[in-house]
């Protein structure tokens, strides 16, 4: 013990001459004598921490300096800090195998190498460990301790000085340090090509530019960060947004389920969280089927269906969505299989769909109607009441409908079935299936109700007795025409 301390103090005195960015210090052997190790560690670490007042030993690894709290203009230099992490001295010949055995406790940080050189030794390396996982030799699991023993590596921890900068921090760490203490930290976003889309809360708005910069810095490929400033316009299903950081290029290119889409994100509807749902419905289709997409958007149902060998009629009220739908059909080489329309959903059902449905129903292939406008689609189902002439009602292949809706009720499945039944004027109880698509918000679910349109509805003598609900009148768009 007495031999160790003088050597450590000697090393401390010469530390300023070390040009390397990283330094390590031997704690002491703590393999078989934990009590003695505790005493040794205490006596050694105190003078070191006095010498290095900016060094930190914290299980969370990083504690932000107090001056970053409330920062609204990002100053990356302020986040720099020296921390102390545990390390193991490992012979080079067993390093790779040992790293695999200790991968759960090895340090993992953006831009930080967990294996570094040992000063004065070509035969050994230091393996940096996560201080949240390893604070003493007893922190190793039985399997990890056994691996150390089998490779002949003593459980002798080193103190390693590591310089952390802004580049080595995670976005959550930066934002947690900056935003007012006790308030929610938002680092989640939807990725749409090069665009990160966020929904900030009121208390986060003063920090929006900083938040945008942090999100862009920490996510390679993101060159634009936007914040939604209002709810979705139910007419065109887009929303106003502001650019928080980066370029103002809103034309995104995304790839979903093997299909490429391009569109102006500021003028059309696109939700990356629906990729699984798109895939689920498309998987129901067979080559030769017909798909009638009432609210097609830029084509996330229509184009994969066409690539699957289906004939598709795709409609959207938004002229921008219709333009990008046509563009994406050409982009994916399915323009001959997709016929596009720019109509109100009800006009599409009672126009092109009504005209072509009788022929489709006489064939053996299935006919699918997709209605993905969850804010209103259930109310559009009444457009099918008495849609076709009764003379066609024999031996026909009735279409299958996949209709989406939001629900805030305690029993969302029951709710959407009752609302669909009311709109059809016919009970779907026991005649439909309901799929939970996703949780949109607390107490708000997105549901999909699927059913075969009953003959009693499609060939009813009476059309809807309720006032027809149309998609809201389009609002004049202030932005200029987008060009390809």
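From the backbone N, Cα and C atoms, a Cβ is placed for every residue, glycine too.
Copied over from TrEMBL:
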type     : residues                     : note
BINDING  : 278, 316, 317, 344, 345, 372 : S-adenosyl-L-methionine binding site
COMPBIAS : 472-484                      : compositional bias 'Basic and acidic residues'
DOMAIN   : 189-455                      : domain 'SAM-dependent methyltransferase TRM5/TYW2-type'
REGION   : 463-484                      : region 'Disordered'
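Counting other Cβ atoms within 10 Å of each Cβ, the lowest count among the binding-site residues 316, 344 belongs to 344. The local packing around residue 345 (S-adenosyl-L-methionine binding site), expressed as other Cβ atoms within 10 Å of its Cβ over all shown chains, amounts to 24.
Across the residues of the domain 'SAM-dependent methyltransferase TRM5/TYW2-type' (189-455), the predicted structure has a mean pLDDT of 93. Neighbour count (other Cβ atoms within 10 Å of the Cβ, all protein chains): 21 for residue 278 (S-adenosyl-L-methionine binding site).
Packing around residue 317 (S-adenosyl-L-methionine binding site) is summarised by its Cβ count: 26 other Cβ atoms lie within 10 angstroms of its Cβ, all protein chains included. Comment: S-adenosyl-L-methionine site residues 278, 316, 317, 344, 345, 372; largest CA to CA distance 22 Å, whole number.
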